[in-house]
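Input: a single structure, listed below in structure tokens.
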Amino acid sequence: ALMLQGVDLLADAVAVTMGPKGRTVIIEQSWGSPKLVQDVANNTNEEAGDGTTTATVLARGANPVEIRRGVMLAVDAVIAELKKTLNDELEIIEGMKFDRGYISPYFINTSKCEFQDAYVLLSEKKISSVQSIVPALEIANAHRKPLVIIAEDVDGEALSTLVLNRVGLQVVAVKAPGFGDNRKNQLKDMAIATGGAVFGEEGLNLNLEDVQAHDLGKIQEITEQLDITTSEYEKEKVTDALNATRAAVEEGIVLGGGCALLRIGIEIIKR
């Protein structure tokens, strides 16, 4: 009886969060979690990346044999109906990450600095003068694209100009990661990844004042933060997303929010 009370306690709290209009539940952890049901939910999450709420509700009182029997009776009809709108689509986007944040907090546009479809200006040298960055700013403004500047450092008049132009132009300045040869190599890697050039690199006669659009790298999306703080909640979100992605790659996905279930239910009733 006590075990059933524990199962009901968790299942009742979780059940109301199910579906597209699920409610938020706050639970004070003053004692141990009901491990039996928790294990069911964890195993489901590890296997499928989602479905923990459904698994918890089913574990509370549904007969798994009867559920399987009902599923098997309808599975052929469900698959046939889903195949009518089935499309294979898998997109893998390459990216890179480095441990440096934006130089000034004035660059942020949300809790982080996030740009899409941006130009990238790479420089091995420190950028201090306004004249050296004006051509790149003009190119970005003419093409209506954000500009990300990654250099040894950006200071003085150059930094002040970037901050002032932040209102009319999406721009962010970032210190290049690493030191010495390591920094040079990382900038070269960025140039290869973005299709741009590294200004100030030995052997290349490139001046910032002579920059052309083809000298700038191009990226689909970039996120910059002052520093990285990882919470347990964020870790869980990343883990859920990773598991869901793996499941999607292996088995595909259907419309969420109960839409697929609703549509299939209508077809099953017709039959």
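Every residue, even glycine, has its Cβ placed from backbone N, Cα and C.
Annotated in Swiss-Prot:
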BINDING   ASP50, GLY51, THR52, THR53, THR54, GLY257  ATP binding site
MOD_RES   SER30  phosphoserine
MOD_RES   LYS83  N6-acetyllysine
MOD_RES   LYS84  N6-acetyllysine
MOD_RES   LYS97  N6-acetyllysine
MOD_RES   LYS97  N6-succinyllysine
MOD_RES   LYS112  N6-succinyllysine
MOD_RES   LYS126  N6-succinyllysine
MOD_RES   LYS145  N6-acetyllysine
MOD_RES   LYS175  N6-succinyllysine
MOD_RES   LYS188  N6-acetyllysine
MOD_RES   LYS237  N6-acetyllysine
MOD_RES   LYS270  N6-acetyllysine
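Known features from Swiss-Prot, placed on the structure.
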| residue | record | DSSP class |
| --- | --- | --- |
| LYS83 | N6-acetyllysine | helix |
| LYS126 | N6-succinyllysine | strand |
| LYS145 | N6-acetyllysine | coil |
| LYS175 | N6-succinyllysine | strand |
| LYS188 | N6-acetyllysine | helix |
| LYS270 | N6-acetyllysine | helix |
How big is the Cα-to-Cα gap, in Å, between LYS188 (N6-acetyllysine) and LYS145 (N6-acetyllysine)?
23
Pairwise CA distance, LYS84 (N6-acetyllysine) versus LYS175 (N6-succinyllysine), rounded so that it is a whole Å:
51
Rounded to an integer, what is the Cα-Cα distance in Å between LYS83 (N6-acetyllysine) and LYS270 (N6-acetyllysine)?
18
Shortest C-alpha distance to LYS145 (N6-acetyllysine) - which of the modified residues LYS126, LYS175, LYS270
LYS175
How many Å lie between the Cα of LYS175 (N6-succinyllysine) and the Cα of LYS270 (N6-acetyllysine)?
63
Expressed in Å to no decimal places, the gap between the Cα atoms of LYS270 (N6-acetyllysine) and LYS126 (N6-succinyllysine) is 70
Close in space but at least six residues away in sequence, with Cβ under 8 Å from that of LYS126 (N6-succinyllysine), the same-chain residues are ALA151, GLU152, ASP153, VAL154, ASP155
Cβ atoms within 10 Å, counted per site: which of LYS83, LYS84, LYS188, LYS270 has the most, among these modified residues?
LYS188
